[in-house]
Structure formats: structure tokens, C-alpha cells
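These notes concern the structure reproduced below.
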Amino acid sequence: MTAVEGETTAAGADSSAHSRIRRKMTRRIEKLPKELRNLLAGGIAGMVAKTFVAPIDRIKILYQISSAHFRLRDVPGVAFKIVKTEGITALWKGNMVTMIRVFPYSGIQFMVFDRIKMNFIRRHEHEKSHWLTETTSPHDKETKPKKWGLSPGESLVSGSLAGAVSVMCTYPLDLTRAQLAVLRKKRDASGKKIYQRFPTVFANNYKKGGVKGLYRGITPTLLGILPYSGIAFTINEQGKRQIQHMTGREPTTVEKMQCGALSGLIAQSMTYPLEVTRRRMQTIGIIPTSGGDAAVNVLGGSLETTGAQKAAQYISTHKPASMISTIRHVIHEQGVR
């Protein structure tokens, strides 16, 4: 046997071994309860998506907690300033916490949505079975739709409940992640960098306010997630349903991605003011008023941010009593935009 033949045989053996492992894992996954499979699928999908958009997400949070005017052309400059002052890994700052949060968040959301969806579908099937039993005319039976699916109202209810449950289960992690995104690396007396860690920030939140401190900003979050999740799931579900109705086949992967992207864009645009309010409430009290402020310094690298300094100083020294006062402050400082 020549060396080439030996390498080919070895490669074939490796490929065969990998195939057996994949088949074995697939069989094990298929044996899991459907709810657990949805939890795993949703969690993994959420982790992959969040990792890809983490740099943009951090820049977004910095804009949300300051009064700096957003311009798309300034984003590269802001990213460069972050890399220059904190290193390339700073673009993914807090991403590990995001992964810890997004796996249960996305998993629970899809698991709850699918469970509620199946309850609606089973009810439809029961009603259809009862209708067919009561119907005596063959013509009427033929005119009844073969597949019911979810109505827009049912999709809205399912999505809203799924979003609310997932937020309540994972909110303390989201709060910690938002705070880590705006905290800069501190230095001790010797000039050595001190890294802000998840356990420290999490413990400080609990120490300051107990369990209530871990849920600071939950009100605008719930008010935002109910319509956001409901609208997103409704557009996504109804979009796929229309594709299936028009083409007579299941939507392709690309078509599903297009439905998901469109639903997320519309839902996020409609509920974004509450997203800004949530971030402001989450980061109150952790932004220093000195020149070391992360949002002001980073955004100030490419923007005129006199208003941002004033806003940062205000939210660092004044704790709004409620969500309403936070909204009033944002409108007072920046207007509706």
C-alpha cells in the first residue's frame, strides 16, 4: 500500500467514525422530550447570533445611555476608539455573560412559545374533528381548510407570553451584562488594570437592593418585551404561513431567515423607546461622573458630546424614582429622538 492510499484509507475511516458519532448524537437528541429539544435549539441559535452582533450591540448600549447623537458613519470611529483604549476583546465585553443569559433566554422563549402554540393547534384539531363529526354534507367537508395553523391573535398571545416568561427567568443576567458593557477597566494604585467581573457586579447589585436590585428596570423591559415578542413571533409565523399557502411547500431556510429578519426589524423599531429607557435604568449609579466615563469618552472620540457629559453626570448622581421619570429625563435632555 502506498502512502497516498494509506492517507486516503485513514481519511475514510475518520469520516466514517465522524458519521457514526453524528448519527449516534442525532438519535440521542431525538429521544429527548420535544420541550428540551426546543430549549437546546433556541439556546444554541441565540448564542451564535449574539456572538456575531456583540460588537455592534456594545456600541448600541453606549449610545443608549448617553445623549450623543447617533450617526451611522461614526460607528467605525467609535469601534476604533474602544479597541484603542481597551483592546480588541473589549468589543465582546460582557459577551460571556450574554452567552450565560441568552442560552436560557432564547431556549425558554422558544420552548414556551412552542408549548402554547401546540395547545392552540390541539384545540383546533379537536374543534375540526368535532366539526367533521357534526357535518353531514360531503361538500361542506371538502370546503373546510386542511390546515388551521395559528391566527394572528394567537401568535401574538403566544409570543408575548413566551417573551415575558423568558425575561422574568433571566433578567438579573441581562442587568449585569448591560452594566459590564459600560464599565471600563479600572486601575489600582500601581497602574495595573482591574477587570470588572460578572460575579462582582452581580453581587454588588444584590448587596445594594437585594432581590429587587437584581430586577431594576424590569418594568420597561416587560412593557417592551410583551409587544416586541408578540409582534416578532406574529410576523414571523404569519409570514411563513403565507409562504406555505402561496407555494404549497414549507418555507426554505433563506425564506425563514427573511421572515425572522423582517419581524425583528419591525418589532424592534416599534418598541425601541422602552429599550432605551431600560438601559438607562439598568446603568444608573454605575457610570462615574469624571472624565473616565466609558460612554462619554468612547463616543466623544468621534462626536461632539457636551450634552452627553451633562446627561451622564445627571444619571450618575440622580436616581429616577420610576420608569416615567426616566422617560421624562431622556425626552428633556434629547427630545423624542
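Even glycines carry a Cβ here, placed using N, Cα and C.
Between the listed ranges 1-20, 21-40, 181-200, TrEMBL ties the annotation region 'Disordered' to 1-20. Annotated by TrEMBL as region 'Disordered', the relevant range among 131-151, 236-256 is 131-151.
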